[in-house]
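According to TrEMBL:
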type	residues	note
DOMAIN	B:52-279	domain 'ABC transmembrane type-2'
TRANSMEM	B:54-76	transmembrane segment
TRANSMEM	B:82-103	transmembrane segment
TRANSMEM	B:124-143	transmembrane segment
TRANSMEM	B:163-187	transmembrane segment
TRANSMEM	B:199-218	transmembrane segment
TRANSMEM	B:254-273	transmembrane segment
């Protein structure tokens with residue numbers, strides 16, 4: 001029995017002279033949520049499409065629960081569910097008709113298909129709109145239906161390609177909730193995202209991908225600590241006390257703090273968290289009043305910037321748009 | 001460990017791990033048929049939802065039958081009544097075959113939609129999304145066939161083959177149109193966009209249907225053209241339909257038409273399916 005849901009080694013996909021995926025290695029443990037994080041055009045969708053048997057790799061190999069995606073695609077398809085970046089449901093059909101179609105294609109017949117369809121419509125809050133053609137569906141409803149269609153066969157591995165791109169914050173939070181519940185039932189999820197907070201919130205492990213390569217891999221915490229140390233944020237009650245606070249920091253920790261006077265705030269790099277207590281005692285002694293304080297780890301935004309040399313909003317290069325689904 | 005017997009996917013219920021599932025390595029014939037039927041059902045719902053796409057199979061048979069009969073009838077056969085046994089089988093074949101070309105265009109449009117990605121990611125028979133669309137399209141051929149024959153009867157066509165002969169003729173046309181639709185399905189799969197499918201299809205269809213015995217007697221054509229017309233499979237089909245509807249005889253032409261259809265399917269169905277899977 002294997003405990004690895006996905007194993008990929010040196011995956012390569014070339015479109016023309018564009019190496020869209022350029023040697024990606026991945027290992028995803030069963031029962032985990034694995035995040036693939038990267039900007040537009042980094043190769044996320046192409047990687048997912050190769051793992052989901054929708055594209056043949058030009059080099060390298062990948063397997064799903066021990067079944068090779070190139071040699072045993074039919075077996076792999078029985079183990080996966082795919083929800084694409086663009087809703088992969090039929091626009092001219094209603095929600096019920098879509099789910100019935102995919103139930104039948106998954107081998108459910110008559111009453112069993114109707115029952116599964118009804119259950120999924122209920123679970124994804126689509127009962128009221130079930131008979132309407134999808135043309136009138138909102139983006140969130142479409143995504144929910146798309147995910148519902150992926151769950152008909154209760155696949156042990158789910159690919160979610162940017163499941164919340166373009167959704168409003170409330171719908172996005174609902175989608176996160178759904179993904180968490182899925183994992184609780186034993187599903188393994190591989191999701192791609194451009195949103196750092198999404199990877200941070202959902203994923204057990206994250207691969208940062210840029211220009212077709214994995215540039216970093218680990219838990220969110222590991223990635224953050226690989227980039228730098230924590231920092232202490234101090235908010236003072238009175239802006240006039242900034243100079244004495246700066247002196248105290250230099251004296252106790254031996255480093256220069258970065259002041260932002262308009263916000264009455266100091267950012268202090270902290271190598272040894274234990275010494276923060278000394279600093280706080282010293283500040284009280286100096287009569288500096290604090291409004292607030294927090295210890296901050298570096299954000300994934302900073303991680304990304306450090307790892308790739310460019311910000312996340314920057315696509316690797318404009319013409320490297322992802323292949324449309 | 002719970003089993004898959006319950007149909008619920010509610011959270012909290014455990015999903016059967018990949019390693020504990022029984023997995024099949026290939027599709028059975030039974031599954032291929034049921035997948036194709038499921039896809040055909042989808043095609044039928046689409047036809048019902050977008051009736052505007054039926055314009056070609058409803059308006060064209062009516063207008064073409066009226067136009068050709070009244071324009072050419074006197075010149076070719078001396079009178080409209082004498083021309084009807086010639087033109088109705090001809091226009092029937094021409095209209096229904098033209099309709100089968102639309103299958104390719106619509107397939108191309110359909111394939112550009114996201115739902116085809118899901119079809120490719122499912123453990124279903126590879127041929128089902130294509131075959132299902134083609135099966136559903138027989139409804140279109142049936143409509144075109146019925147309307148053309150109905151127009152002919154209204155205009156005074158009295159086929160000597162009787163109800164049986166006409167029904168067999170209609171069946172033969174629908175079968176041939178379905179077989180030919182694999183050519184256009186192949187074009188639809190390999191073409192870049194729906195417009196180019198339409199362009200190429202008509203480039204193929206126009207000479208095939210007009211350089212045949214569908215509208216005029218072949219002996220009025222120059223000798224070199226007669227050679228092409230006589231070998232054109234469309235001519236064989238038209239002759240077979242005239243024999244069936246006109247006299248109720250199943251001539252050797254029926255065999256020629258069916259053999260040609262079989263050959264077309266044998267060549268183009270695998271080509272279409274292979275290119276369709278490659279396109280993924």
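Every residue, even glycine, has its Cβ placed from backbone N, Cα and C.
No curator has checked TrEMBL annotations; they are predicted automatically.
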(request) State the residues, same chain only, that lie 6 or more residues beyond the ends of the transmembrane segment (B:54-76) and have a CB under 8 A from a CB inside it; answer 'none' if no residue qualifies. (result) 47, 82-84, 86-88, 91, 94-95, 98-99, 102, 140-141, 143-144, 147-148, 151-152, 155, 215-217
(request) Take the transmembrane segment (B:199-218) and find every residue of the same chain, 6 or more past its ends, with a Cβ under 8 Å from one of its Cβ atoms. (result) 68, 72, 76, 86-87, 89-91, 93-94, 97-98, 101, 104-105, 183-184, 187, 191, 225-226, 228-230, 232, 234-235, 238-239
(message) So if I exclude everything within five residues of the ends of the transmembrane segment (B:254-273), which remaining residues of that chain have a CB under 8 angstroms from its CBs? That is, six or more out.
(response) 126-127, 130, 172, 175-176, 179-180, 182-183, 185-186, 189, 233, 236-237, 240, 243-244
